[in-house]
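Visitor: If you look up TrEMBL, you'll see ASN174, ASP241 marked as Mg(2+) binding site. Per TrEMBL, transmembrane segment is recorded for 55-74, 79-96, 116-144, 156-176, 182-201, 213-233, 245-273, 313-335.
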Amino acid sequence: MNEIIKICLALILGFIIAAVSGKFIIPILRRFQLGQHVREDGPQTHLAKAGTPSFGGFIFLGSFSILAIIYLIIDYNPMVLMVTLFVLAHAIIGFVDDYFNIKVNNDGLGDGQKALLLLIVEAIFVFAFVYGSSSAITIAMPFGWNAIEVEGVWKFVYALFLIFYFFACTNAVNIVDGIDGLASSVTIVTLVFTGITGYITYKANNNPDNLSLTILSVIMIGALLGFLIYNWHTAKCFMGDMGSLALGAFVSVIFLYLGIPWAFVFAGVIYVIDIATVLIQTGYYKATGGKRIFRMTPIHHAFELRGWKEEKVVLSFSAVQLIGAVLAALMIWPFV
């Protein structure tokens, strides 16, 4: 089958499965009273969202998983299997956190427990990736696409960096998921970049793995578009930590397999900005005994407090994400 047909089919099927499954999943979530708790110190407009079903990640993750499994059956690829397992492992951690948050104690697993579980999963994956692969570990540099091979003691250093990288990326995407449609929209922008990058590098280097990364990116784009039917303001469901942690894992691992983890900073600039504002606010608050730099963090809430509608925040942040993705593209595409 022609690769363009495969890509289009992946997009269409990803969308259809998510869009159709949402019709059945959301009533089930309501029946089991899996409604989201809303923080009382947030924007007052969010109080009306209390009780909106969480676990909406089932919608796009279900679509992605079904198509990834079909893809594995048709054309088995160990990389595709690793990506799928990595994403689902994060989804399970997020599911447990969401369940505890809704049904047990309103606080989820607790920051320490969740962080430990994430680090364990990410460390296992990283050491399997670095030391279990028969192929060379390379990083493609910007403005030239010169691949640097990671070898010797630098493999261990790179492994430690990747554990930090995954932990930071998954939590950054998790933090962005605070407004209807925001995490989905900015991630679609990022995945358009990874999808095109994968295809360009596939055509240039005849690397079938990069075509697989394009197809996986497009599957997730379609699934997120289907999910947005239910997550756009006013949302009928939220993706929850189950969805956002899995999404963060997916985006970051795609960048890794493309050999451009550094590009996450540009093509995922909104993730970086959001988590940076949280860290700056928290550090400044502790250092000054209660003073704040921003009215509220993550920073998208500060714009809400200034009177911006959620749709305006989502579209504006998506535009910024697009600018970052274009910058990343200019560092890569002309040099492949």
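Indices start at 1 and increase along the chain as displayed.
The backbone N, Cα and C atoms fix where each Cβ goes, and this holds for glycine too.
Note: TrEMBL annotation is automatic and uncurated.
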Visitor: In the same chain, who gets a Cβ under 8 Å from the transmembrane segment (156-176) while lying at least 6 residues past its ends?
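Guide: Same-chain contacts beyond the flanks: 90, 94, 115, 118-119, 122-123, 125-127, 129-131, 137, 150, 182-183, 186-187, 241, 244-245, 247-249, 251-253, 256, 261, 264, 268, 270-272, 274-275, 278, 298, 300.
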Visitor: Please tell me whether the transmembrane segment (116-144) and the transmembrane segment (182-201) touch - that is, whether there are at least 3 C-beta pairs under 8 Å between them, with each pair 6 or more apart in sequence.
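Guide: These two stretches do not touch.
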Visitor: Please indicate, using numbers and ranges, the residues of the same chain that are 6 or more beyond the transmembrane segment (245-273) and have a C-beta under 8 Å from a C-beta there.
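Guide: Sequence-distant neighbours of the transmembrane segment (245-273): 57, 61, 64, 79, 82-83, 86-91, 93-94, 97, 118, 125, 129, 138-140, 142, 147, 162, 165-166, 169-177, 183, 186-187, 189-191, 193-194, 197-198, 201, 209-210, 213, 216-217, 220, 239, 299, 317-318, 320-321, 323-325, 327-329, 331-332.
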Visitor: Do we see three or more Cβ pairs under 8 Å linking the transmembrane segment (182-201) and the transmembrane segment (213-233), pairs being at least 6 apart in sequence?
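Guide: When sequence-distant Cβ pairs are counted, the transmembrane segment (213-233) touches the transmembrane segment (182-201), since at least 3 lie under 8 Å.
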Visitor: Should anything in the same chain at least six residues away from the transmembrane segment (79-96) have a Cβ under 8 Å from its Cβ atoms, list it; otherwise answer none.
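Guide: Residues 55, 57, 61, 64-65, 68-69, 71-72, 109, 114, 117-118, 121, 125, 128-129, 170, 174, 209, 212-213, 216, 240-246, 248-250, 253-254, 257 contact the transmembrane segment (79-96) from elsewhere in the chain.
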Visitor: Looking only at residues six or more beyond either end of the transmembrane segment (55-74), which have a C-beta under 8 A from one in the stretch?
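Guide: Answer is 10, 13-15, 17-18, 21-22, 25-26, 29, 34, 80-81, 83-84, 87-88, 91, 94-95, 98, 184, 212, 215-216, 219-220, 222-224, 226-227, 230-231, 237-240, 242-244, 246-247, 250.
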Visitor: Give the sequence-ordered list of residues that share a chain with ASN174 (Mg(2+) binding site), lie 6 or more positions from it, and have CB atoms under 8 Å from its CB.
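Guide: Spatial neighbours, sequence-distant, of ASN174 (Mg(2+) binding site): GLY94, ASP241, SER244, LEU245, GLY248.
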Visitor: By a simple count, how many Cβ atoms lie within 10 Å of the Cβ of ASP241 (Mg(2+) binding site), its own Cβ left out?
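Guide: The answer is 28.
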